[in-house]
Amino acid sequence: MRTHEPDAVAGRGTSIEYADMLLLRFGEFTLKGKNRARFEKTVLRHVKEMIKPYPRAVLGKEFGRIYVQLNGEPAAELAGALKNVFGIASISPVKVSQSTLEDIISVSRRLLEILSPAEGSTFKVNVRRVWKEFPHGSIEMNKLVSTPLLQGYPGLTVDMRSPQLELKIEIRHDHTYIFCENIAGVGGFPLGTNGKAMLLLSGGIDSPVAGWSSMRRGLEVECVHFYSYPYTSELARQKVVDLARVLSRYAGVIKLHLVPFTEVQTSFTGLGQDNLMITLMRRAMLKIAARLAEREGALALVTGESLGQVASQTLPSMNVIGRATQLPLLRPLVMMDKSDIVELSKKIGSYELSILPYEDCCTLFVPKSPTTNPNLRIVDKIEATLPGYEDLLAAAVDRTETVQITPYGGEKPADLVPAEAGIKEEWF
Amino acid sequence: MIYWDYAAAAPPYDEVVQTMEQIMKLHYANPSSMHRAGLEAGRLISRSREVCAAALSVQPEEIVFTSGATESNNLAIKGAALQYQGRGRHIITTELEHPSVYESCVQLQKLGFEVTFIAPESSGVIDPFRIAEAVRRDTILVSVMHVNNEVGTVQPVGAIGTAIKAVNPRTLFHVDGVQGYGKLPVSLKEWGADLYSLSPHKVRGPRGVGLLYVKKGVELFPLLTGGSHESGQRAGTENVPAIVASAKAVRMSGEQRVELCGRLLPLRNRLLHFLRGIPEFVVNSNEEGAPHIVHFSYPGMKGEVMARKLEELGMMVSTRSACSSRLAEPSRILLSMGRDIPAALGGIRISLGDSHTEADVAALEQAVVAAVKALKVAEGGM
């Protein structure tokens, strides 16, 4: 099979635009025996969610595979969306023919014309006869199909061991599937099959990548964002909604919890402990996120921390900050280089949003010299003696707004400044 | 007086005028301001972008608002040429383009770009094969109009787009859609278009706003700098009322396209049939063309004389496109289509719109007959 390289279009065709159907194969989890049915069902549900904008596409399921009949829906667009479904290892665009020798040959020839292999390419036909009543056996069919194809394409040579082009033909009772290309899927575990966690989503580059990485390992993720209006702008909050929407492309739907953080954050000012500000703030975030996790039934917190990146991400900082919660803290990016994280964020589609220059609450009140080595005893003492601290945290949880975000939806939280009031839909 | 110049400017919808008035009164704030009034104005722009994107079946972030289609065409061509000159310095366009495309290309020639101008067949149609033949490795842009503004010829933009991309997938394809939108189906994805210009005031919207579709991933070198408006692609304070009203006109004319064509086609066909019956005339439009443009020449009679006579008889028509109609030169478009100089000097364009009825066309026919009769004496003497 030929691996699909999106850049290698020049000169050579791709069959994707001409496909009648997409064949989706499951990934590594097929090895895990007893969870299999549950996993496959999850992938199917996820696929169903992703094809919602394409009403004519029809799903079918078989052992180890999902079929998406296109019925005129755009194949490339759908394949682009479906290859992001966690648990999908690969996708093949399929041409469908009738199960007669003549039609199989003619559709195969058409497919070959579309692919227009370069002179000297090696080639092989691989027939699988699922419908045993078909008059010709697999070995015989290999010959019956490849002979006329080779006559039409004298530039091709047969290579049975490692051909550059392997034309696969599956003969079934109702139809025959013919395919050649293989588009790599994202792989991983089906969404949510490994439980649920809360993702601390800032406006930066790292946290969306941490979210995607967690989702890819089968975690269902709910996003938690802290905002400090009026110190942070409406735009900063909108940016997080947009980032959550990017993540929802991989989840179908994602929950976003927006926590008003102004009171908690300002309570740390004027303590005369400016260098601990970030430590206190991060701990407060974990405490609030943990309470939301309890409410939502999540069993871990996910952060975008990467060791040594900033003052709050040194090991001593992580130690003191992490003790603010009993829940496991998952840090998918902890040992990754920034440049690799950036690469991933570009691939996921969050990078362009992440670099928009709106201040989030983490960049506010940043002291001149934040500590890289906070003292747990002092931090504990400050929190214990801060007047009304418990109530502030509880109030932030209570006033949290939760929005369900979908890939193509227009969901958004209530405006902080109700600017829609003066806008009439009749104007458009 | 009957107005027969919809292709130059179409009268705005009542709703468009109302929207303009209300927004001018209520939303005078600068969308870049950070206060609530500014935010509201900003939201009006983003909602307009969504409406326009939906009308073209593209993403909102792919729509750039400009000051008009002339700017859209300038930005598409010069912006793409300057941005991608590292890839190559060859551009292809046709001899039929609107001056805003044609002269942008001529300007680029002066800057050292190589421009190939493709001639049409005598029917006025560009053969996609001729374009494909001209595409090279260093061809960065091809610009072809959807509908010719002078004679109404419809170009096979879909076939042209496919042909270009088959030769060089990196070559950008710009479609000047000004006379096509609202009259013919538009499917930018199927055409393989990377850039598409549209003019709201041709579809009963306000003046002062143009649209440019810029396909995701395509970068343009900004021609106007001085702010991060329009994602940095075009600086300048947004014309909020006109942008919102434009969105309305684009949406309405898109929705009413099929119905409008249903009414215009019989009128246009009747006119074509009538004009062909006048021995003095050469009819340059045909049934394959856009439903709203009928163009004919009176060889030996300057177009402007015919136009003035028709005006005397109550009919406002145009000599070729409004952007060049005051020039007493033969039409570049007609010459390119193989017409001789007398025919190219004597062109008259009639363009139809929503308001026209069978009775109006009958009146126009009478006026044309009367005009020819009156002018006959001076034929060839100009």
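Sequential numbering from 1, following the chain as shown.
Cβ coordinates come from backbone N, Cα and C, glycine included.
TrEMBL entries are annotated by machine, without manual review.
What you are looking at is a predicted structure, and each value in this text was computed from that prediction instead of being measured.
Taken from TrEMBL as is:
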- A:76-182: domain 'THUMP' (DOMAIN)
- A:LEU200, A:LEU201, A:HIS225, A:PHE226, A:ARG282, A:GLY304, A:GLN313: ATP binding site (BINDING)
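Features per TrEMBL, on structure.
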residue: A:LEU200; record: ATP binding site; contacts (Cβ under 8 Å, 6+ apart): A:SER207, A:VAL224, A:HIS225, A:PHE226, A:MET285, A:LEU286, A:ALA289, A:LEU301, A:VAL302, A:THR303, A:GLY304
residue: A:LEU201; record: ATP binding site; contacts (Cβ under 8 Å, 6+ apart): A:SER207, A:PRO208, A:GLY211, A:CYS223, A:VAL224, A:HIS225, A:VAL240, A:LEU243, A:ALA244, A:LEU256
residue: A:ARG282; record: ATP binding site; contacts (Cβ under 8 Å, 6+ apart): A:SER312, A:SER317, A:ILE321, A:ALA324
residue: A:GLN313; record: ATP binding site; contacts (Cβ under 8 Å, 6+ apart): A:GLU305, A:SER306, A:LEU307
Where A:LEU201 (ATP binding site) falls in three-state DSSP terms: coil
Binding residues A:LEU200, A:LEU201, A:HIS225, A:PHE226, A:ARG282, A:GLY304, A:GLN313 (ATP) - maximum C-alpha distance in whole Å: 19
Cβ neighbours of A:PHE226 (ATP binding site) where a neighbour is any other Cβ within 10 Å: 27
Three-state secondary structure, A:ARG282 (ATP binding site) (per DSSP): helix
Residue counts (helix, strand, coil, in that order) that DSSP gives for the domain 'THUMP' (A:76-182): 37 helix, 33 strand, 37 coil
Secondary structure of A:PHE226 (ATP binding site) (DSSP, helix/strand/coil): strand
Cβ packing number for A:GLY304 (ATP binding site), 10 Å threshold: 26
Confidence summary for the domain 'THUMP' (A:76-182), mean pLDDT rounded: 90
A:GLY304 (ATP binding site): secondary structure state under DSSP, collapsed to three categories: coil
Cβ neighbour count within 10 Å of A:HIS225 (ATP binding site): 27
